[in-house]
Amino acid sequence: MYLERIDSPQDLKRLSVPELEKLAEEIREAIIEVVLGKTGGHFAPNLGTVELTLALHYVFDSPRDKIVWDVGHQAYPHKLVTGRRDRFHTIRQEGGLSGFLQREESPHDHFGAGHASTSISAALGMAVAAKLRGDRYHTIAVIGDGALTGGMAYEALNHAGALQVPLIVVLNDNEMSIAPNVGALARYLTRVRTDTRYRQAKVEIERLLRRLPQGERLVELSHRFLDGLKEVVYRTMIWEELGFTYIGPIDGHNLRELIETFQLVKTFDSPVFVHVLTVKGKGYQPAEDDPFKHHSAAVKVPGAPPTPPRYQDVFGQTLVELAAKNDRIVAITAAMPDGTGLLPFAAAYPDRFFDVGIAEQHAVTFAAGLATQGLRPVCAIYSTFLQRAYDQVIHDVCIQKLPVVFAMDRAGLVGEDGRTHHGVFDVAYLRCLPNMVLMAPKDEDELRHMLATALAYEEGPIALRYPRGSGVGVPMLGEPRVLPIGRAELLREGSDVAIVALGATVLPAERAADILAERGIRATVINARFVKPLDRSLILDAARECGCLVTVEEAQLAGGFGSAVLETLADAGLLIPVLRLGLADRFFDHASQASLRRQAGIDAESIASRTLAFLATHGRIETGAISDR
């Protein structure tokens with residue numbers, strides 16, 4: 001066993017290439033065992049980067065040399081050889097290793113990651129810092145072909161080419177996303193080859209060659225030479241024009257070739273681009289056969305009861321149904337057709353479906369352009385990724401009052417993916433925008449109605465936020481109906497306290513009301529439905545009736561839903577005790593969604609206990625009523 005002897009990258013340097021190859025096999029076995037059998041997580045990407053990881057750590061000297069991994073989907077082998085082998089079984093578990101890169105987790109994690117296309121910018125900053133401070137170390141950015149579709153990556157490449165500082169960019173090309181880019185270059189070169197002047201020159205050269213002895217043979221050789229040259233040009237021209245020396249393509253599973261290549265590029269004093277070809281899912285045949293399906297893996301519990309449909313699937317199916325009745329509906333996603341539930345829509349309406357790649361800024365403005373021409377674009381993007389297009393939401397959509405629908409999946413606490421993926425800021429960053437309508441469903445059935453509402457709303461942009469995972473199991477009967485804009489839902493009436501809950505916290509709020517009822521406390525419960533516009537009338541009536549109020553949200557408290565309710569009360573001159581429950585001013589790490597909600601104090605038991613303490617503090621109940629909680 002070689003893996004058990006690797007406590008740091010320095011240990012790799014004592015191994016021969018054949019021993020490194022055996023180590024690669026052991027690393028794959030460890031990833032398969034842990035990810036498939038224990039923790040879940042990103043699977044196929046990590047299997048594809050084992051040899052690349054070993055070669056980088058064999059040639060370079062981390063942590064002195066800076067290896068910056070993009071996104072982090074491919075960082076498990078890196079974690080295994082940088083002193084975290086003994087904790088690898090805790091990956092993505094509460095209190096365990098992160099599934100992504102975190103600077104505080106290891107000195108070998110030089111830059112935190114979770115979102116795509118950031119590695120080259122960060123690595124370039126480190127390379128420039130070395131030059132300014134007179135330090136001597138190598139800087140390497142490792143980026144996948146999927147992340148390379150992000151515009152930020154090209155901004156960084158352009159800047160690096162201009163600065164001409166030593167920087168190594170490694171493209172991990174598993175052919176999952178780069179084909180459209182290559183196709184665009186191919187189309188450009190095709191236009192050159194079909195230009196009249198080019199074709200005339202080609203005919204004249206061939207005519208002259210045929211006059212020579214062995215002329216036909218020379219013509220054949222010229223064609224073969226041009227074909228080879230064309231292939232080289234396709235691969236190298238863009239990187240050379242950006243100011244990089246291009247090397248590749250390299251077999252990403254040939255350790256000897258990788259090591260020799262990296263030893264060579266260590267000597268460069270200007271930007272170099274190393275093109276590495278890998279197989280996503282390498283070493284696990286089902287993942288090699290279907291890397292898309294095996295991009296990430298979830299642990300399956302034998303005998304587990306069936307779960308309700310996932311929010312993303314309810315969204316996707318409802319959109320298909322609505323699109324059948326309205327040919328103006330189009331769907332847009334940024335490289336997440338499966339995660340957003342849009343694969344059925346893509347299959348049913350391929351001409352009305354657009355996957356723009358990792359390009360959220362473009363996705364939003366593209367949707368705005370579609371909306372100017374009378375179409376009804378639905379832009380389905382994870383809440384955390386919509387942050388990347390905030391200026392476009394303001395400048396290109398809200399200012400122009402364009403009817404774009406923003407379907408924000410993974411809103412709230414997402415679980416094991418952790419701090420980079422929680423969608424907890426959207427309420428604050430969207431409710432402040434003029435012309436924006438913002439709503440959140442309490443369950444999967446209400447999601448159907450809110451999607452219908454959004455598509456019926458033509459007066460400007462409208463956003464709906466909904467959580468990751470399965471719904472709550474309510475029946476979904478009848479056609480989706482249009483809800484009144486800005487109208488909340490009164491779920492139960494009481495006179496002791498009013499609980500106003502948003503989205504996924506409505507059901508826990510109802511359960512908390514049941515707990516309070518056991519203590520003789522009668523609570524009004526309101527499903528807010530809308531953050532903007534708020535149902536001012538219902539909220540103010542409940543506040544006056546009860547004399548105190550609790551808000552609950554699975555979002556950041558600062559600037560959030562509770563703040564909107566406080567503003568409404570203040571504007572009405574209604575000064576009553578208010579308790580805001582939501583996410584405190586910190587980043588939440590990875591854990592199960594249930595655990596994270598307990599940490600945040602927004603599960604049913606926490607809502608009830610905190611409400612009891614709140615009522616006692618303000619003299620609404622006797623302190624003894626909460627003594628046993």
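Don't overthink the numbers, they just go from 1 along the chain as shown.
Glycine too: its Cβ is placed from the backbone N, Cα and C atoms.
The structure displayed is predicted, hence computed values, not measured ones.
Per Swiss-Prot, the feature thiamine diphosphate binding site maps to His73, Gly114, His115, Ala116, Gly146, Ala147, Asn174, Tyr284, Glu360; the stated evidence is sequence analysis. As annotated by Swiss-Prot, Mg(2+) binding site applies to Asp145, Asn174, with the evidence given as sequence analysis.
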Tertiary neighbours of Asn174 (thiamine diphosphate binding site) (same chain, Cβ under 8 Å, six or more apart): Pro45, Gly48, Gly144, Asp145, Leu277, Thr278, Val279, Lys280, Pro291
Cβ packing number for Gly146 (thiamine diphosphate binding site), 10 Å threshold: 24
Residues His73, Gly114, His115, Ala116, Gly146, Ala147, Asn174, Tyr284, Glu360 binding thiamine diphosphate per the record - widest CA separation, whole Å: 32
Asp145 (Mg(2+) binding site), number of other Cβ atoms within 10 Å: 21
Packing count at His115 (thiamine diphosphate binding site) (other Cβ atoms within 10 Å of its Cβ): 22
Cβ-Cβ distance under 8 Å to His73 (thiamine diphosphate binding site), same chain, at least six residues away: His42, Pro45, Asn46, Gly144, His295
Proximal but sequence-remote residues of the same chain as Glu360 (thiamine diphosphate binding site) (Cβ under 8 Å, at least 6 apart): Ala334, Ile381, Phe385, Leu386, Arg388, Ala389, Gln392
Asn174 (thiamine diphosphate binding site) in three-state DSSP notation: coil
